[in-house]
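The following features are taken from TrEMBL:
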| type | residues | note |
| --- | --- | --- |
| DOMAIN | 139-232 | domain 'CAAX prenyl protease 2/Lysostaphin resistance protein A-like' |
| TRANSMEM | 20-49 | transmembrane segment |
| TRANSMEM | 61-83 | transmembrane segment |
| TRANSMEM | 104-127 | transmembrane segment |
| TRANSMEM | 133-153 | transmembrane segment |
| TRANSMEM | 174-190 | transmembrane segment |
| TRANSMEM | 196-215 | transmembrane segment |
| TRANSMEM | 266-286 | transmembrane segment |
């Protein structure tokens with residue numbers, strides 16, 4: 001429950017209605033603040049990145065890593081300002097590793113298991129074919145770093161701050177999961193080939209990524225899952241990642257035809273196989289934490 005400081009210096013519990021209002025104001029203010037910081041921090045660096053890329057012949061992934069790092073700084077900065085304004089600790093985001101190292105490994109392995117199932121089924125059904133196998137060590141390494149930054153940035157924003165503030169504001173945890181997932185999906189609205197199924201799947205991915213957070217209030221599992229989900233999808237398996245492609249991949253895929261089973265130009269996240277796997281994954285995570293709570 002949130003507390004607010006009264007004029008006499010004492011603290012009192014904030015009413016439910018006021019908590020919900022604080023939540024809406026905080027999320028809107030956070031988004032505006034994030035946008036302003038992006039303009040002032042990334043704007044000037046945009047020209048610099050263009051010059052560096054041309055002079056040093058840097059690959060696009062390396063440049064994107066630097067841009068993503070600055071976006072992360074903006075996201076964490078905006079979070080810190082709003083939480084400070086509410087007299088809440090920065091640790092409220094859930095970035096602590098203490099007692100959660102295992103969650104990192106579990107998140108990575110969970111992503112691997114989802115793609116073993118999804119890619120395996122795609123091959124068995126003949127909706128994707130492997131046209132070529134190549135290994136680009138530097139590209140694989142830089143893309144690993146890029147998607148780690150993407151995972152930390154997006155999870156800090158959408159789960160740590162947005163979902164976290166909704167939970168603090170007294171919103172039912174499943175409604176909070178739904179609303180934050182809608183916002184998460186809308187973040188990708190400008191991605192190439194973004195249509196209904198990709199919108200639905202990214203929304204459902206928000207459920208998958210936030211399912212553990214509503215029970216643990218920690219981001220280790222969702223960051224690791226998000227990180228390896230993107231990295232395996234693009235640089236390893238050769239799909240577009242949410243409709244975009246960066247750098248080389250180990251596998252070069254051939255789609256006999258673009259359809260809802262293979263996801264077409266949007267990648268695996270545009271497929272109905274993804275829909276099924278994300279729903280199953282979310283149910284398993286929620287069941288695990290409900291069973292854990294029942295035992296305790």
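Heads up, the Cβ atoms here are built off N, Cα and C, so glycines get one too.
Taking Cβ pairs closer than 8 Å, the transmembrane segment (196-215) reaches residues 94, 103, 155, 158-160, 163-164, 167, 173-174, 176-178, 180-182, 184-185, 188-189, 221-222, 225-226, 229, 242-243, 260, 263, 266, 269-272, 274-275, 278-279, 281-282, 285-286, 289, 292-293 in its own chain, all 6 or more past its ends. A contact between the transmembrane segment (104-127) and the transmembrane segment (20-49) is absent, since fewer than 3 of their C-beta pairs, 6 or more residues apart, lie under 8 Å. Among residues of the same chain six or more beyond the transmembrane segment (61-83), those with a C-beta under 8 A of the stretch's C-beta atoms are 26, 29-30, 33-34, 37-38, 41-42, 45, 49, 52-53, 89-90, 92-93, 139, 142-143, 145-146, 149-150, 152-153, 156-157, 160-161, 246-247.
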